[in-house]
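One structure is given here, and the rest of the page talks about it.
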């Protein structure tokens, strides 16, 4: 439709027929619109004739002109046709709502939907709802989405597969996973689209275990994952540290041909990286050859950075530039993060300035990385000045980075000032309250620790419970501090007590300043010994063969005592222990950590 392949057979200027009456004009105008090779210019001419003869009430003619405008991507012209019609039918509204939705003009799509049902009084139908709901999903507009859900029920579409699939997708993308599941469970017929929407909804809302369970249900129903399902599964595997399951997805991608998709390759790289297998991530990157885009390059640079291999990150960046691949702000975020994890302050400054050479205006994430780098390097005053001179307003994450740096360097005075800024922006984020509490606890300021606890209760600030994950025989086990309900509990606690004795022989002194309670020293040591990451490591030691790498995922930052203990356990047991916390990877081997105690 985009190009005129041959001249149209009809000419408005020199028609072979002459209208004998005004009633014949619509048919004369409709006839050339059926020509598959009609040009946009001729559509405009016919539209002009329609206006000239006052035929805006002729629905068939207006509908055809509008659909042709949409075929030529002239949606605004199609909308003008609709707006001049005195009594349009639902067909044209549906066509335009769909066109707006397909072109991501979601706000306009919903505005037109509301015009349809209110100003024009036209009832929506099963062809209207899927695309209107898609726009709700695109805007995360749960309020209108629920309204459309009610309309669909009133219109008798409760059992329509396409409407229900759109409802599942809308609720999932708006974060209402339970509502999505309710709709899904009531569907009489479920196709691959509805299953995939549910899997994707679980994965992108952080329900990683549920993603895996639902994925298994989908396979049991005889359906194979499509591209979206595959990407969602890989996301969940990475978040869970489920390497074995991730390897199954890799095999499926190879078998189905999705491995040729650079986005799938990048997702596989991310999964392997999060599971601690950076060698497999690099192998996939190298095999991608000419398919690699800037996202793929940036992902590999980020992988090296999160594993503490700053040399690998910088080398890959230089290779990328040499090959003519232009970095973007995300690439520089990865580089600056790598410098921050390794304490390379001057190199970080250099790469931040290099953004100007590529004509890239630093974004908030780039500034946040520089604040983190300055803070970790002990330049707390400079970091604060850097924030205050930012061209855009800093968000809570930027101030939070500096608060974290205050904890690292034990600067209580600055921490109290920065905490005020943080709580102004987000008084309900429990993590920052806990961070300040950590700083007070390290100074044995127990009165202030208790005040923060009370303040959290008053504000309704939620403290994120720490947990650690370990995958074994295809299942992911979850451990919480001091949890006695875990599988093989007695063996795990016995193993940790034995390790505690061995570590003390090597000179280990428990870092009790990481315990946030004013209790006896002996009780503090016992509390530290049974932290979630230690429980997961002990479970791995008693469940796997000697020499097997132990891979643990922690949802929060690994505490200092667990970090010291993991180094000693790797030496005592002669094991490689890989712990991924919320910031980076720690690879413990022979009593040393890849982070070189800088994290």
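One-based numbering along the chain as shown.
Every residue, even glycine, has its Cβ placed from backbone N, Cα and C.
The repeat 'PPR' annotation in TrEMBL covers 89-124, 191-225, 293-327, 328-362. What TrEMBL records for 507-599 is domain 'DYW'.
Beyond its flanks by at least six residues, the repeat 'PPR' (328-362) meets 294-295, 297-298, 301-302, 304-306, 308, 310, 313-314, 317, 320, 369-370, 372-374, 376-377, 379, 583-584, 595, 598-599 of its own chain at Cβ-Cβ distances under 8 Å. Mean predicted confidence for the repeat 'PPR' (328-362): the pLDDT average there is 94.
Secondary structure counts, DSSP: the repeat 'PPR' (89-124) has 27 helix, 0 strand, 9 coil.
Residue counts for the repeat 'PPR' (293-327) under DSSP, helix first, then strand, then coil, are 26 helix, 0 strand, 9 coil. Residues 161, 164-165, 168-169, 171-173, 175, 177, 180-181, 184, 231-233, 235-237, 239-240, 242, 245, 252, 256, 476 of the same chain lie 6 or more positions beyond the ends of the repeat 'PPR' (191-225) yet place their CB under 8 Å from a CB of it.
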